[in-house]
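Annotated features, as they stand in TrEMBL:
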{"type": "BINDING", "residues": "Cys133, Cys138, His213, His218", "note": "Zn(2+) binding site"}
{"type": "COMPBIAS", "residues": "64-73", "note": "compositional bias 'Gly residues'"}
{"type": "REGION", "residues": "1-21", "note": "region 'Disordered'"}
{"type": "REGION", "residues": "47-85", "note": "region 'Disordered'"}
Amino acid sequence: AGANCRSGVPDRTLPTPPSGNLDRFARYVRSLVDRIVNWLRGPSDAVNSVEGRTSKANSPKGAGVSGGSGEGGSASRETSPPARGVCETLDHDAIMRIVRLPDGVDRNEWMAHHIIALFEHVNALRGSVSEMCTAATCPTMSYSGVAKLPWVDEKGKKHAYSAAQYMDSALTQCEQKCDDAVLFPTKHGQPFPSHFPQSVASLTRLLWQCIGHLYERHWKHIESLNLVPQAALVFEHLARFSHEFSLLEAVEQKRIDAVVFVVRPPILEGTVPTPEV
């Protein structure tokens, strides 16, 4: 069921995505491009767009993230997602304009708008390669610059999860927070909680760890699915968003920036430096 709307902010419920992980990622790429077009038009169009601040329709296990072992879902490799040309032509300045807080727009509302969009896209990207990331192929969680990362639960206990288990847990936690009507208020006049920026920073860290693993271990799979331009756009969106609002620690920001330099070199600088991780 749809949630009530904040003033000028649409319902966060999306229609059920189509079946097939690759088709699902194509759908979310289209919605990302729609958002980008609206953001470039101006803040009022962005906040009031049909694809405005929304949460994903289904749980991670049903909408892009496989359950448990990470072996669920099947990607159709016969269809190349649309909007590839748009993803390739958006330059560094365009992405910076997208994430920069416009005059007259509430900072928390703007951050909420972006972090939910990023969650949808990271979740869908992870789902597109879920059958290649299993307990057998990736027995431990790793990402750019980190060889082994345990999952830390809400009680502070560490768990030696496989990468699939870790990402399932991370994206489930992200979903729960994005669907929390106290953390992400949907009623007119209801304020964001004081700890909202810290929560967005936590979500950003989890999303970076997930896509960092996809880059570290599954980039060839992403290449084989013809998803590089779309995935690279998601990487840069997250990196620039984090930089604009100081969401990642300095060492983590340096790592994601290094990845962006590699996956979008023609867009950024025209050179491909060796990542410093």
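Keep in mind that glycine also has a Cβ here, set from the backbone N, Cα and C atoms.
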Given the Zn(2+) site Cys133, Cys138, His213, His218, its other Cβ neighbours within 8 Å of the Cβ centroid, in chain order, are Val129, Met132, Thr137, Ala163, Ala164, Met167, Leu214, Glu216, Arg217
What does DSSP call His213 (Zn(2+) binding site) in the simple three-state scheme? helix
Other than its own, how many Cβ atoms are within 10 Å of the Cβ belonging to Cys138 (Zn(2+) binding site)? 21
Excluding its own, the Cβ atoms lying within 10 Å of the Cβ of Cys133 (Zn(2+) binding site) add up to 23
Other CB atoms, at most 10 A from the CB of His213 (Zn(2+) binding site): 24
Which residues of the same chain, at least 6 positions away in sequence, have a Cβ lying under 8 Å from the Cβ of His218 (Zn(2+) binding site)? Val129, Met132, Cys133
May I ask you to report the DSSP-based helix, strand or coil state of Cys133 (Zn(2+) binding site)? coil
